[in-house]
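Colleague: Please see the structure below; I have some questions.
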Amino acid sequence: MNNDVFPNKFKAALAAKQVQIGCWSALSNPISTEVLGLAGFDWLVLDGEHAPNDISTFIPQLMALKGSASAPVVRVPTNEPVIIKRLLDIGFYNFLIPFVETKEEAEQAVASTRYPPEGIRGVSVSHRANMFGTVADYFAQSNKNITILVQIESQQGVDNVDAIAATEGVDGIFVGPSDLAAALGHLGNASHPDVQKAIQHIFNRASAHGKPSGILAPVEADARRYLAWGATFVAVGSDLGVFRSATQKLADTFKK
């Protein structure tokens, strides 16, 4: 049986430096995720760090995205091999790894997603990702179809951006603007010049190593500025933010 994920089109688009517009998914239910999958975004982040997601909520959301053109990207709660292995086995191929500060941490993330000898991923012969053992070439294809995006959101990460970006197997560098702002002493103010300078520096260094860069930017002016700076995969909003904003506007329309 064929696996419709191979080849990984999102990974190929990033490698070709094609702009990929995405959205954050934090509501953690299959219906809202299915709606996002019909909206036309290139990629969607299913958040396992700050949203109430786990294996039991991720599986129905992956099912809801079956047939969608939007590539599911999972943000893992932490850079931990067992967590990553379980998410691989349920069918994720694109990973966003938070709070990467060193080359060694980037290498660990890559190794966690690769079968030996390239990595340390544990082997199960029957799971959702290989359609329960029916994808004949799964083991041959898996390693080269995994996307690893590492998130820089600390001063140490900024300092080590060259080493991180140069890490083999890292497909892109993603900026966490809120945590980066906090780390630089500007909690709640990602628009501060110090933070913006750091963001542009990260983009530039990623590009110097031939790696695409991305960011979450729910404000249109910010998103367009980052695209102008060379970011190629930008999440321009979140389901939670859109839902809150739209419902508040609707209520205000009739109550004010």
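Placed from the backbone N, Cα and C atoms, the Cβ positions cover glycine too.
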Colleague: Can you pick which of GLN151, GLN156, GLN196, GLN200 Swiss-Prot lists for the same substrate site as SER178, ASP179?
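Modeller: Given SER178, ASP179 bind substrate in Swiss-Prot, the matching entry from GLN151, GLN156, GLN196, GLN200 is GLN151.
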Colleague: Whole-number answer please: how many Å between the C-alpha atoms of SER178 (substrate binding site) and GLU153 (Mg(2+) binding site)?
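Modeller: Spelling it out, the Cα of SER178 (substrate binding site) and the Cα of GLU153 (Mg(2+) binding site) are 8 Å apart.
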Colleague: So what sits near GLN151 (substrate binding site) in its own chain, CB-to-CB under 8 Å and at least six residues off in sequence?
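Modeller: Same-chain residues close to GLN151 (substrate binding site) (Cβ under 8 Å, separated by 6 or more) are ARG75, LEU96, ILE97, PRO98, PHE99, VAL100, PHE174, VAL175, GLY176.
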Colleague: In DSSP terms, helix, strand or coil for HIS50 (active site, proton acceptor)?
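Modeller: It is coil.
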Colleague: Determine which residues of this chain, when GLN151, SER178, ASP179 are set aside, have a Cβ within 8 Å of the centroid of the substrate site's Cβ atoms, and list them as they appear in the sequence.
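Modeller: Here the nearby residues are PRO98, PHE99, GLU153, VAL175, GLY176, PRO177, LEU180, ALA182.
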Colleague: When DSSP is mapped onto helix/strand/coil, what comes out for SER178 (substrate binding site)?
Modeller: helix
